[in-house]
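Pulled from TrEMBL, these are the features on record:
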- 48-83: region 'Disordered' (REGION)
- 50-66: compositional bias 'Basic and acidic residues' (COMPBIAS)
- 92-258: domain 'JmjC' (DOMAIN)
Amino acid sequence: MAATSERFVDCDPELFTKNFNRLPHEVQHNLSTNSLFQLSALAELSQRVASRERPHHSQGDIHIDEGTAESMSSSNLRDQAKTRAPELVEKIEQGQTWIILKHIEREPGYKEIFENCISDIMRLTGKQLLEQVKWFEAILFITSPNRVTDYHIDRECSWLLQIQGNKDMHFFNRADKDVLPDEELEQYWMGNNLASAYKPQFESRAMVFRLRPGVGVHSPVNTPHWLQNGDNVSISLNINFQFHEGAWENLFRANHYLRRVGLTPSSPGKYPLADNAKRHTYTALQDVRRLLKGQPRVPATEARKQYHQIVKMLASR
């Protein structure tokens with residue numbers, strides 16, 4: 001099913017309801033012919049993102065990996081990106097480069113695309129989901145041919161929309177404890193982004209999605225995956241929902257501390273009442289800790305401001 005011309009993102013409603021934030025599933029979109037995603041336009045976009053005076057991330061909102069140990073290795077990453085990003089985008093076909101442009105929804109043109117994507121996704125989820133969302137984000141991935149993105153898990157609930165080129169995404173069920181043990185999730189939510197380890201003996205359990213222009217995939221929070229790019233340049237737009245703390249991760253953090261004192265905590269979902277008690281207790285203790293240290297519990301100013309703009313936009317539709 002192709003995305004209808006008036007919808008930027010589309011999916012079978014029954015499939016979406018069944019699998020949303022539980023299992024990966026295919027979606028459709030209509031961005032493949034949009035001129036804002038041509039390489040010449042993306043070279044200009046990379047320059048603007050790299051030059052931001054108020055980036056969301058302390059090291060800047062652009063990440064460049066050229067597939068070598070030396071790539072972008074100095075402490076002055078933002079200055080390097082400003083001078084090199086446009087050239088690397090234009091020459092992406094010749095290298096082993098992976099370029100990430102973060103929060104592109106702040107840029108003219110891309111902002112309108114992002115808002116339409118969010119509106120279409122909210123049509124499927126229901127606007128009540130807004131209460132669980134801390135902020136939204138649009139990330140653009142520009143990848144050289146045949147590049148592999150290593151196995152990992154993410155904090156966000158996302159939709160990856162393939163705009164140019166093709167790639168295979170290998171997903172694993174996050175509920176499969178052979179693939180993703182609770183201990184790995186606990187370490188991940190405690191700050192170890194490399195806690196999840198690829199286990200080749202379970203590759204046969206992978207759900208493989210073959211992405212091509214006009215086709216995307218939904219990735220639930222903490223769903224393990226790795227990517228194999230095709231023999232062409234890949235351009236992909238990722239629409240991210242960052243949920244509030246306590247909705248998921250604080251339960252794993254609570255279990256981490258219980259395990260440290262010698263207990264064997266139950267897996268999340270097995271005993272819902274115990275889950276709620278652990279999650280709320282940990283969240284309350286963290287709030288007290290923040291209060292004592294004078295740390296406000298608020299997300300980045302720009303991202304939160306943009307969230308409220310999205311809420312107003314949705315209310316008007």
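Note that Cβ sites are derived from N, Cα and C of the backbone, with glycine treated the same way.
Counting residue by residue with DSSP, the compositional bias 'Basic and acidic residues' (50-66) contains 1 helix, 4 strand, 12 coil.
Averaged over the domain 'JmjC' (92-258), the predicted model reaches a pLDDT of 96.
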